[in-house]
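Here's the structure we're looking at; comments come further down.
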Amino acid sequence: MHALRSSVLALWLCLHVSVRAWMTYRSANGLDEYEPEDRIIFLGTKWCGNGNVAEGPEDLGPLKETDACCREHDMCPDLIAAGQSKHGLTNTASYTRLNCGCDEKFYNCLKNSAETGSGAVRFTYFTVLGTKCYRNEHPLICVKKGWFSCSKYELDKSQPKRYQWFDVSSNFAFPRMLT
């Protein structure tokens, strides 16, 4: 079973890299608009991917727990769309970024799911994509760099809180979790 999971993950990662390359090509050639058929949705879900293919809020795929986590994440009320600004921050990414509270809830939901698919979704969103989230917190100082992001932060409590970007990683190290 472990070998099968590893093979599926390897296949998915290859597909993901190919899709990202295709998206980069499309963007570079003025083909930024997504068509419904351009959506990439995890197998067994209707909400886990870029957009959704659900017929309504109650429509979930066979991986119901995983899909419910993705649906709730998609419905986060505090977000900054690509190219938009809010809370003094501008989202320069080509996708929507969310308040860290929504991402943290998403991480915990996926982590607590017994479904195998939840691990692949969690790994992809929190490790492969290398996205960021935002929250109102004291300024952070990165005291230890990891492979792709900061692995340890310290809060500068002498400064007032402000909205700022945080790396979303598999460790999900947010200020309230720091020592």
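Backbone N, Cα and C atoms are what each Cβ position is placed from, and that goes for glycine too.
These numbers come from a predicted model, not from an experiment.
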Cys109 forms a disulfide with which residue in Swiss-Prot, given the options Cys48, Cys69, Cys70, Cys150?
Cys69
In Swiss-Prot, Trp47, Gly49, Gly51 are given as binding Ca(2+), so which of Asp74, Asp78 is in that site too?
Asp74
Disulphide pairing with Cys70 per Swiss-Prot - partner from Cys48, Cys76:
Cys48
Recorded disulfide counterpart of Cys133 (Swiss-Prot; options Cys14, Cys76, Cys100):
Cys100
Additional residues surrounding Ca(2+), by Cβ distance to the Trp47, Gly49, Gly51, Asp74 centre under 8 Å:
Arg39, Ile41, Thr45, Lys46, Cys48, Asn50, Asn52, Val53, Ala54, Cys70, Arg71
What is the interatomic distance between the Cα atoms of Gly49 (Ca(2+) binding site) and Cys76 (disulfide bond), given in whole Å?
15
Just to verify: the residue among Cys48, Cys100 with the fewest other Cβ atoms within 10 Å, which of the disulfide-bonded residues is it?
Cys100
Closest by Cα to Cys100 (disulfide bond), out of the binding-site residues Trp47, Gly51, Asp74, is Asp74
Subset of recorded positions (Cys48, Gly51, Cys102, Asp103) lying within 10 A of His73 (active site), CA to CA, in sequence order
Cys48, Cys102, Asp103
